[in-house]
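Chemist: Below is the structure I would like to discuss, written out as structure tokens.
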Amino acid sequence: MRRCWLAALAILTTVAAAFGREEATCSVPRTFCPTQGWSRSQSCGAVGGRPGKAVGGGHAPASWSPVEAQYIVRFHEYRHAAAHRRELAQGLGDEGVAWEWIERRNKAAEHPTDFGLIRAEPGDYEALKARLEGLPFVKDIHPDFQISRSLAWESKPEWEDGIGYGAYHGVCEDNAVRKFPGRLQTRPTIGLDRDEEDGHESYSANFFSESRRKLLLMERSHSLTGLFEANKIFAKGHTGQGVKVGVFDTGVRKDHPHIRNIKERTNWTHEPTLDDGLGHGSFVAGVIASSYDSCPGLAPDVDLYTFRVFTNDQVSYTSWFLDAFNYAMVTEMEVVNLSIGGPDHLDRPFVDKVWEVTANGIIMISAIGNDGPLYGTLNNPADQNDVIGVGGISFKNRIASFSSRGMSNWELPLGYGRIKPDIMAYAQDVRGSRMTTGCRSLSGTSVASPVACGAVCLLASTIPPERRTEVLNPASMKQALVHGAVRLPDLNIYEQGAGRLTLAKSMAFLQAYTPQASLIPGVLNLMDCPYMWPFCIQPLYAHAMPVMINATILNGLGVVGHLDAPPRFEPADAGGQFISMDFEYSSVLWPWTGYLAIYIRVKANGEAYSGKASGTVIFNVSSAGLGADNQGRSSTVRVPFTAKIAPTPRRELRVLWDQFHSIKYPPQYLPRDNLDIKNDILDWHGDHLHTNYHDMFNYLVDHGYYVEILGSPFTCFDASQYGALMLVDLEDEYYPEEISKLSNDVRAKGLGVVVFAEWYNVESLSKMTFYDDNTRTHWTPATGGANIPALNVLLEDFGIAFGDKVLSGNFELAKQTVRFASGANIARFPEGGFVHSFKLSDKSGDRYAGSEEQPVLGLASIDEGHVVAYGDSGCLDSSYQVADCYQMLVGLLEFATGRVDLMEPSNTLTALLNPELILEDPLGNDADLPERFEGFNFTKASFVLRHPLECYSNSRGPVESGGFDAPPRRIVGSVGEVPGDVPAEPNSTNNGSHGFESRHYEEVESQKPVPPSTRALGGMSTWYLVAGLVFAVGLYQFTKPRRGGSLIGLVDPSRGAGEHEL
């Protein structure tokens, strides 16, 4: 009887997935084969299926062979591998030259699976893919991505040799790309070498300095257990007992003396060992479960299961993780730790499987990344809402410089990123176990992750076993950690999330827990600085672009839930009456989470108001059929709101930042802006005012400017409200209507335009093309640092254009030294303008010209308005900034906005308007302009070329309609449609004086990461899907008392059972 119920569940879930999940995939680069030969001394994981062993001490060279053409074929159903293999043979013909099934001889082979691994000849892949996509039982096909996790060695790390910090993706020589093999990865754990049992303490490099220092040798009172006061919990009899935790890492030895309860070790790699040959897995396991006094873990009696998914050379494959995840579900792990991460969240089989793991009630903890202090550098899977993402702090409770910062960039450019990390844990000089005996110290967020994991296991053990099914799930545990966290001073929410993890308060929360829903952040106090940066540093005012907050709903009621009605805002005072809020939100909360996008505006009648505004955001969440006795649950969430309202500022103080025309990685291959940076080949930090341009944003606000974000086309803002429009490092095209409107805005309405461009050179772009051995395709840059041909079309009416030189050097302006890093020259400029030329070297293509006078900065008055053109944005970008040019920027804005309030011009403005620099004749001609790059079909990258002209809900609506008279489109899939959302028709509401209709914004493949939630359901009613999901989960809860389990093993085992050879 139970099998019938389970089969019904499998059918219902498959139907829901078929309607709701986006089946199309994006061909996105994960591992890249260099265009030239690699030096064998490069420190990175092996590419081939049989990576070479590291030799010698200190730096560990890696060797590799070409990766075979391996592909993951995902199926709609879980079946035994032999059954899938037979079906493929029936659909494709017998195995042979065209395709070959790859046996996966691991523990998961004993159970049904939802994917297969095949090998195909590179030349046959496209034809094979087309045939596979035509088979009804095949879901999709993806490359089997290699994941290389390069770890720092105790000898001098590579970044100490001057290649900078940040992402660790590849190198660039003579403007040609050399990509490190493997999936894009986080920065490595600091201080990790082949674990030498010589009895001495290891050393760690300071992350941003070449100075060496002895690692902190913590006294017993400063151990993790002491700092967290875990001994008080131990004294109550709670030590992690009865909690099953899976450690996905490099393994551990069977008889490790520090760890009491190693229940099972599994190996998912090609190396014939279960042991740890590197030391990372042993360290992580020890931080969680060590019982050794010198380096105790936080849950010494936990049941430890090790999943060896990385080789000793830190190489793994997506298929290894998929099998390991499936096995974790079938063996009913309760907690898993992943001390891994990378910036690319488009490995769809991996991301989808993470959703499935957490949907099964497994609590997943993962490192947020080591790409700090840069913003917009969150790593996957820690950036997913259903995962507990952990950042790093020191023992002085200061944020670790290497800890990645938010916000997420899945939602850009139209939307706004989510708040991550979730919590912070100790990550610098943490003591843990060596491979055989003794202790060592390591640093990195891959250390913070097991610290948090040990805490989660300890907290779970405080719940009586009979209540754990009712209380513990990914949402409730995150709620407990967030509730118990202690906010760290002087840090904002995108640096620390909820703050430092604590145990006592989280334990009390769990022990008194009743299933409930909540919101992150739980309080919307936009006056709370610096914690609520960037929202707290400038007030709200009328006639502005909406302030967007992308909040996360945690649904502790059940794996599937929904909002009973649209959220509403209830004002609490006179100022609150001037607040208008609009909402977009997940139609279905799954798994355990959803998004709530909040658009905050001040009504027009509040344009003169000054004061505080308060109120409450209220919504109700329900999960049907998941409570005791199969009864539904409901929870009302009330979120306090506070903000400061100010009178609408004068026009010349208001600056609008163009986010709409930015294109990001992923999914597009966009080369870095500064070609002098040798270790980062991608432009992946979001190019957002609140990510890599956050320092510039703060500077402008500190100097009296009010800066807003435009996430819609130029036709969606009223130029009469703004002094200047900033166009910085933009890659997209422009609608014809935008071009004509901008010309009119400048000439007739007096708008200022400030352009910071970037390099663009066809010859250099051609050299950046490389072959990706996973997708078996050549990857070509979508455009240069900026899309100069598109900018030139936009600026043509003003007689301004940029050239194709790639210039570098330093110059001085108004006693400020400015670094010009891989920027463009000015090729055309109108008569009467001010043009600044400086001695810079040209590195475009094969040209390496010495320093010559090059025009790079121009200022022109165009009828009623002003236009500024500058060839480089690197001095505004915090990512790899040598020196900022904020002082120059303020001078340029003074010119562009026509600051009539200034008593006298600044020294910078005086230098900029040097009368000796006025052009008596126009500069340049059309022959000097760069041609468009023909090596890439830009339509695939351009949002503009693939979508009609629309105003979205991130704007005030079309100017022609007077703003909100014509409803903007919703931004479903961009503002907050993130992992954890079952697809459905978008929901939205507003509590203001204007209304938006609920229109679905359909994303196109390859425009952005498209989680399953962004696909429209056509004519299918949302409630059919909701009802189906609720029914399915209810059945499964009824048949599986422990928790909502996986679909593994639900299919009749007679179909292919026992036919898989081990």
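Placed from the backbone N, Cα and C atoms, the Cβ positions cover glycine too.
So TrEMBL has the following annotated:
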ACT_SITE  ASP249  active site, charge relay system
ACT_SITE  HIS280  active site, charge relay system
ACT_SITE  SER446  active site, charge relay system
COMPBIAS  996-1006  compositional bias 'Basic and acidic residues'
DOMAIN    520-648  domain 'MBTPS1 third'
REGION    980-1013  region 'Disordered'
SIGNAL    1-20  signal peptide
Chemist: How many other Cβ atoms are found within 10 Å of the Cβ atom of HIS280 (active site, charge relay system), counting all protein chains shown?
Modeler: 28
Chemist: Measuring Cα to Cα, tell me the gap between SER446 (active site, charge relay system) and ASP249 (active site, charge relay system) in whole angstrom.
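Modeler: Cα-Cα distance, SER446 (active site, charge relay system) to ASP249 (active site, charge relay system): 10 Å.
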Chemist: Per DSSP, what is the helix/strand/coil residue tally across the domain 'MBTPS1 third' (520-648)?
Modeler: 10 helix, 66 strand, 53 coil
Chemist: For ASP249 (active site, charge relay system), list the number of other Cβ atoms lying within 10 Å of its Cβ atom.
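Modeler: ASP249 (active site, charge relay system) is surrounded by 27 other Cβ atoms within 10 Å.
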Chemist: I'd like the Cβ neighbour count for SER446 (active site, charge relay system), meaning other Cβ atoms within 10 Å of its Cβ, all protein chains included.
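Modeler: So the Cβ neighbour count for SER446 (active site, charge relay system) comes to 34.
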Chemist: I'm trying to understand the geometry here, so how far is the Cα atom of HIS280 (active site, charge relay system) from the Cα atom of ASP249 (active site, charge relay system), in Å to the nearest whole number?
Modeler: 7
Chemist: Note the mean pLDDT of the domain 'MBTPS1 third' (520-648), expressed as a whole number.
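Modeler: Summing pLDDT over the domain 'MBTPS1 third' (520-648) and dividing by its length gives 95.
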